[in-house]
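As written in TrEMBL, here are the features:
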{"type": "BINDING", "residues": "B:Cys250, B:Cys255, B:Cys258, B:Cys270", "note": "[2Fe-2S] cluster binding site"}
{"type": "DOMAIN", "residues": "B:4-103", "note": "domain 'FAD-binding FR-type'"}
Amino acid sequence: MRYVKLPSGNFEDFFNSLRGIGQIYGPVKEGKTHHFRRVEEAGEMDLKYTRTMLPPKKFFVRPRERLFSLEDGWWRKEGDENPFVLFGVHSCDVHALKILDRVYLSEPVDPYYAERRKSAFIVGISCLPDELCFCKSLGTHFAMDGFDLFLHELPDGWLVRIGSVRGHEVVWENARLFDEVSDEDIANFKAFEERRAEAFKRELRSEGLADTLDLAYNSPVWKEYAEKCLACGNCNLVCPTCRCYEVCDRWVDAYRAVRERRYDSCFMESHGLVAGGHNFRPTRLDRFRHRYYCKSYFDPSAGFNCVGCGRCDEFCPAGIEHVKVLDEIRGSLE
Amino acid sequence: MNPYESHPARILEVKDLTPREKLFTLRFLDEKLNEEFTFRPGQFVIVDVPGFGEFPISLCSSPTRSPIQLCIRKAGRMTKFIHGMKEGSVVGIRGPYGNGFPMEDMEGSNLILVAGGLGMAPLRSVLWYALDTGRYEHVWLFYGTKAYEDILFRDEVLHLLKHGSAMNCTVKLAYEIESPSCIYLEQGFSDRVCRGVVTDLFRGENFDIENSYALICGPPIMYRFVIRELLNRKLSPGRIYMTLERRMRCGVGKCGHCVVGTSVSMKYICQDGPVFTYWDALSTRGLI
Ligand SMILES: Cc1cc2nc3c(=O)[nH]c(=O)nc-3n(C[C@H](O)[C@H](O)[C@H](O)COP(=O)(O)OP(=O)(O)OC[C@H]3O[C@@H](n4cnc5c(N)ncnc54)[C@H](O)[C@@H]3O)c2cc1C
Ligand code: SF4
Ligand code: SF4
Ligand code: FES
């Protein structure tokens, strides 16, 4: 990794220099929650945020997007890729994008997703956990790759880790804004990271979790929670790794149709329904359990399908807490 | 390459198979694609009716023959729409998708095909492939249908019922609803046609189990009974193949609809399947 320092006084110039890449999106506070929004000035952003409602996945897998439009009887591909900057992405969300990459960039590559990934310049930013974060238990509290630049807060600026050639180029082109990293900066960086690691209040016991859950298939705990759950699908929408989509053709007028895809949720009854009315996950219990099984799927090469961002807890209207459910399931076996 | 883009194909022929199912014979407009398109039995394509939608359908013809054929049941909105389409119309086809049956691995062995209802469609591909290549010891087809009118590919099935032995092929039929045609068949082939369910056809049949593979396709309820029958005969779970159905949107492992399994093992029916062994079902919850 290459490291440089961005002194506080140069932050705004650095932000402005990124405009050369394209439109900048960053965390903006609206009411009680944060959202990634188009920003023109560095000051519009609130960089001391914990989590946004919708994760950065919305830039890559859009809530609704056009795949094709029907012209002269056949499909024409849609797509409008302009380079853009995602400013202030937390480490868990960087990890979540890597999970999406494994799906969308594996053969056959999803061209819509791939083009947007190529168009995005990602600037990560360090954060402090709140009571809902459990990324540390999943090893997603620190990102080693998956970003172009990553900013770590220092008392008088930022320690910048450079994660890609493009990141390097941006630093190079703006060399006057950056300093060499001093011993003092390193000590501060280390102290910050240690303090941060200690700040986590919530912990997920991940050892043997996958097998434990599989063995607890018939646990009564699933049923208890399935009864509380409203099946609203919020947890799917806000999850940075949820990515199910539905496709539909829609006529825009009498002559033109479009094929669109939009977020789908495994809590919807239609998710497992096939022709003839057979449903492979007919009850709310089946669907509730499925989501936990999907999120706790353990890929030996990449880990779990959850990055511990705490969004599903914060935005669940029934107050269902992810780690608590898993702990109780585990407890029901012991 | 855009994996969601389908290729225009002309409907050469539409044939009524039963009141609910039609056979579509298709040819790509792009000649090069017609030459290059190949697949293995058990694979499927996604049919695209632009402006109306897409749906997955198994290839029911064999890679040993062209053009390609699809047997489509009128089951809902889109399949109803395509049932209304005429010869000469153009639809989109993308694929082939999925793993298909491991035809090479099974060479030299017996194949026990067990079909229930529409399950006959993908197994017809295996049947033709086996008979065309002659690379298999003996082929059984056990086919369970509701009624005489529901027998898919009736001419072909009845032809093999009569003349199959010359091709090392034994066809057996089970029907549920009695009709003069069935009684007539039963009288002519009392050892191979009976009233009952598909598992009844196993009675009196002795397989060289060590050298056999079973390939099953039918409604979800059928698997349990057929598998029990095969396990009783000591067929290894690794030699029982079945093809499964799930809701599918993308066909290429992205949309998440066909995912099954738990935290330890999750599978995409569209890519890891639709063909699975019974061992896969034992180790992956929710597969069957
Ligand atoms: C691998 C595979 C191979 C197949 N092979 C064949 C084959 O060879 N032949 C064949 O005939 N069929 C086959 N099928 C089944 C075929 O794909 C379905 O019959 C077809 O998709 C039905 O489409 P439809 O538009 O006509 O039905 P739809 O109208 O889409 O209905 C499908 C089902 O989904 C429900 N549904 C759809 N949309 C919604 C919604 N928005 N909300 C709630 N419920 C909804 C409907 O109620 C219905 O039960 C195969 C399926 C798979 C997965
Ligand atoms: S399951 Fe919950 S905590 Fe885990 S990544 Fe999704 S939203 Fe975040
Ligand atoms: S957000 Fe909560 S209530 Fe809504 S579907 Fe998810 S778990 Fe159920
Ligand atoms: S059909 Fe989309 S993931 Fe399998």
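Each residue, glycine too, has its Cβ placed from N, Cα and C.
Non-local contacts of B:Cys255 ([2Fe-2S] cluster binding site) by the CB criterion (under 8 A, 6+ apart in sequence, same chain) comprise B:Met248, B:Arg249. Among the binding-site residues B:Cys255, B:Cys258, B:Cys270, the ones with a Cβ under 8 Å from a Cβ of chain A are B:Cys255. For the domain 'FAD-binding FR-type' (B:4-103), the DSSP counts in helix, strand and coil order read 13 helix, 45 strand, 42 coil. Around the Cβ of B:Cys270 ([2Fe-2S] cluster binding site), a 10 Å sphere holds 26 further Cβ atoms from the protein chains shown. DSSP classifies B:Cys250 ([2Fe-2S] cluster binding site) as coil under the three-state reduction. Taking a C-beta cut-off of under 8 angstroms and a sequence separation of 6 or more, B:Cys258 ([2Fe-2S] cluster binding site) has the following same-chain neighbours: B:Arg246, B:Arg247, B:Met248, B:Tyr268, B:Ile269, B:Cys270, B:Gly273. Highlighted in sequence order, B:Met248, B:Arg249, B:Gly251, B:Val252, B:Gly253, B:Lys254, B:Gly256, B:His257, B:Tyr268, B:Ile269, B:Gln271 have their Cβ within 8 Å of the centre of the Cβ atoms of B:Cys250, B:Cys255, B:Cys258, B:Cys270, the residues recorded for [2Fe-2S] cluster, and are not part of that set.
In the structure as shown, the Cβ atom of B:Cys250 ([2Fe-2S] cluster binding site) sits within 10 Å of 25 other Cβ atoms. Model confidence over the domain 'FAD-binding FR-type' (B:4-103) is summarised by a mean pLDDT of 96.
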